[in-house]
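Dumping the structure here so I can ask a few things about it.
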Amino acid sequence: MLEELNKQQKYAVTLEHQNILVLAGAGCGKTKTIVARTAHLITSGGNPKRIHLLTFTRKAADELVRRVEEQIGTASSGLRASTFHSWCMLLIRSAPHFFQESQYTVIDRDDQLQIFKMAYANINPPIEKIDAPKAKAILDWYSYIRNTLSDPNAYIGTMLPPAHKDYVLKAFAFYESFKKERGYLDYDDVLSVVADGLNNPKVLSWIAGRYDHLLIDEMQDTNPLQWRLLAPLLGRVSLFCVGDDAQSIYGFRGADFRNIHDFPKRVPDAEVCKLSYNYRSYQSILDVSNWLLNQSSIPYEKNLVAHRKGSNKPIFRQFLSPDDEAVWVAKDIRKKLSQGTAINRMTVLVRTSRAAKVIERALLEHQIPYYFIGGEKLMEAAHIRDVLSVLRIAVNIKDEIAWIRYLTLWPGIGSVTATRIMKKAITQDNLSDCQTIINAERRVKNPEVAELLVEVSKATTTKQVFDVSVKFLTPILANIYKSENWEDRVKDFPLISTLAEKENDILSFLEEYVLNPIYSKKERSDALMLITVHSAKGMENDICYVTGISQGVYPHTLSTGNYDKEEEDRRVLYVALTRAKNSLIMTGTRFYFGYADSSKVKPHFLNHIPKELARIWRQKLPGLNIVLTEQKPTSIKNIEKNEDKPGIPKISILHVEKEDNKSFLESPRAKEDKAGCGTFILIVIATLFILKSCF
C-alpha cells in the first residue's frame, strides 16, 4: 500500500498530527491519498466504525469505501462515507430528540419552488402588481443566504429596490412558516439543524464521541454552513482535509474559497502537505495551467510537475465568431475520427449550458454523435418525481405537496379538486382509508386513482411500492410526456427500481436519493462527451477542446469589477485546462459577443499567453488587411436577423482586441470560405445603410 505512493503522498498519509490539510493539485492523486490515509489509520489500529469520510456526491462516497476495502479487505468493515447532507441525516435519525425532529419529510428543490409559488397568493400586494422576482430567483437567494450565513435583509437589500425587497422577505417568512407547520426539511435545513445542535454541549459531546477521525474530500467546495459543522469538532476529532484551492469554483452556490485557503490561519496547529506531482497530463499542458495561476495575485503556491514523459504543445485558436469556432471544432473532431481516433477519447468543454448550444448545432451538422452533461440529475426529472410522489404519500400521508402532484397527474383532476381531496386525505390514518374519499369526488373518473394507493398499502418492500406505482402510472405518464422523449424516459424506471431494492424502507430510500440524486447521464463509448466545466471536475480525457476562451466569458461580464468572482472564473478555466491528458486544444473568439459596454469588458485570461507555451492561431478578417494601433479598441457592427422586428436588422457590438500593432494572421479558412468574405461585405454594406438612414 505505502510502497505505491510517492514521497509527498506517503508523508501526508503517515503523518501523525491532529489536523492536516492536504493541498493536492489537479491530477496529483488526491483520491489515492485519502484512500491510503484511511487504510493506514485502520491498519494502524484505528476502529473503522469511528472513522467517517465526507465528500460531495454519493458516487464519490461509494468509490472511497470500495477502494479502501480493495486495499485492506474486511478490516474496513464498518467504515462509512457520505455526503455532508447524508451524514447530518444519519445524526438526526440516530438521535431525533437532540434535534427536535421526530417526524419530518425531506423536500427537494421542485417542492421548494412550489412553496415559494404559493407565496404569490398569500402576500400583499400580489406579485403581479409589483413585478417582484420569480420563485426560482427567490429560492436561489434563499439557499445562498442559508449556505453563506448571510443576513437576509442586508443581502436582498443590496440587490433589489425596497418594494421588491419587502416582498422577498415576506416570501422567506411564508416559506419558513409553511415548512415548520408541515414538518418539512429542505437541503439546507438538514445541515442547519445539526449545526445549531452543535451549540448544545450535550449534542457536541455526543457527536464528537462517535468519531476519532473525519476525512473531508474536496475541501475547497465547502461553504460557511458546512464549516459550522466542522469547526466545533476541532480539538475533539482529528480532521484530515484534502482539496485544491485552485479548483474552488462553486462560489455562486455558496462555497467559500477561504475554507481551504485560510485553513492554516483558522487552525494554527494544522500541518499543511502539498501534492504537486501530476499523473494525468504532459508537462506542456501543465505549463499553460501553471502560467494561468501565476498571473493571479492570490498566492496559490503550486507548480505542477508532470510524472509522465512526452510533450504535445497546446493549441490556441481564435475565431471571428462563435459559429466559426464551433464549426472548426466539429470539423477537427470529424478529421480526427477519420484518422482513427476513438470518439470517446475526445471531450468538448463549455462554460455554460447556453454556450453548448452553438457547439451542438455544429456537431449535428457534421453528424457527430454526442451526449451532453450539464448537471441534470435523474431523480429531479419530472417523470421520476411523478412516481416518487406516491412513495412520499406512502411514507407520510400528510405530505400535501406530494398529494397535489400525484392527483393532478390524472385526467380530469385539476388543482382545485386535488386540493379538496388532499385536505380530506391528510386527516386519515392510512392509504386504504383514502379510497372512499377519492371515489366520492365526481371529477375522479378513473378508479385506478384510488386503486393504486390501495395496492401500495399492501406492498411490503420499497421496490414493490415503486414497481406498483410505475405499473399504474405508465399509461398516464406516456400520454403526458409523449412529445418529450417518452421512449428515453421510460428506460429510467428499471434503474430506479434497482436502487429501491437496496433500501430497507421507503423513508431511507427517499432521504438517500433526494439528498444525493444520481445523474441521468453516464459516460458512453459510442459518442462524444460535451460537458460544462462545472460538471467536469474529476474527469479527464486524452483530447480536450476547451471552448469559449473569449472576452466576457473568462472572466465573465457579470464578474467584472468583483475581484473574488473574477478569480473564481480564473479557477474555472484552470479546471478546464487540467482535464486534458495528451492534447489540449483551446478555442475562443477574437471579438466580444455580448451586450455589455465593450470598453469595460476585461481581456480574457489567455490574452497574453506566451507563444512558447502554445501554438497561437488567429482568424483573419476575410479580404481585409487591418492593423490595430495603441488607440482605443476598434468596433464593428454585426448585423443579425431580428426575430422580434422582421425587416429591421439587429445590431450587436463586437470588440476587436489589440494585437501589438500587427496585422491579423493569415487564415486558411478565410482563403477557402468565400461565403465568409461575402458575409463580411454584407455586414459593412448593411451598417453603412443603417448609419445613412439615421441622419
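Cβ from N, Cα, C; glycine included.
Look at TrEMBL and you will find 3-282 tagged as domain 'UvrD-like helicase ATP-binding'. What TrEMBL records for Ala24, Gly25, Ala26, Gly27, Cys28, Gly29, Lys30, Thr31 is ATP binding site. Under the heading domain 'UvrD-like helicase C-terminal', TrEMBL lists 283-538.
Walk me through the surroundings of each of these features.
Close to Gly27 (ATP binding site) in the fold, though at least 6 residues off in sequence, lie Asn278, Tyr279, Arg280, Ser281, Leu304, Glu540, Thr578, each with a CB less than 8 Å from its CB. Classification of Gly27 (ATP binding site) by DSSP places it in coil, neither helical nor stranded.
Summed and averaged per residue, pLDDT over the domain 'UvrD-like helicase C-terminal' (283-538) gives 89.
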Please identify which of Gly25, Gly29 has the densest Cβ environment, defined as other Cβ atoms within 10 Å, among these binding-site residues.
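Result of the Cβ crowding comparison: Gly25.
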Excluding Ala24, Gly25, Ala26, Gly27, Cys28, Gly29, Lys30, Thr31, please set out which residues of the same chain place their CB within 8 Å of the center of the CB atoms of the ATP site, keeping sequence order.
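Here the non-site neighbours turn out to be Thr33, Asp244, Leu275, Asn278, Tyr279.
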Which one of these binding-site residues, Ala24, Ala26, has the sparsest Cβ neighbourhood, judged by other Cβ atoms within 10 angstroms?
Ala26
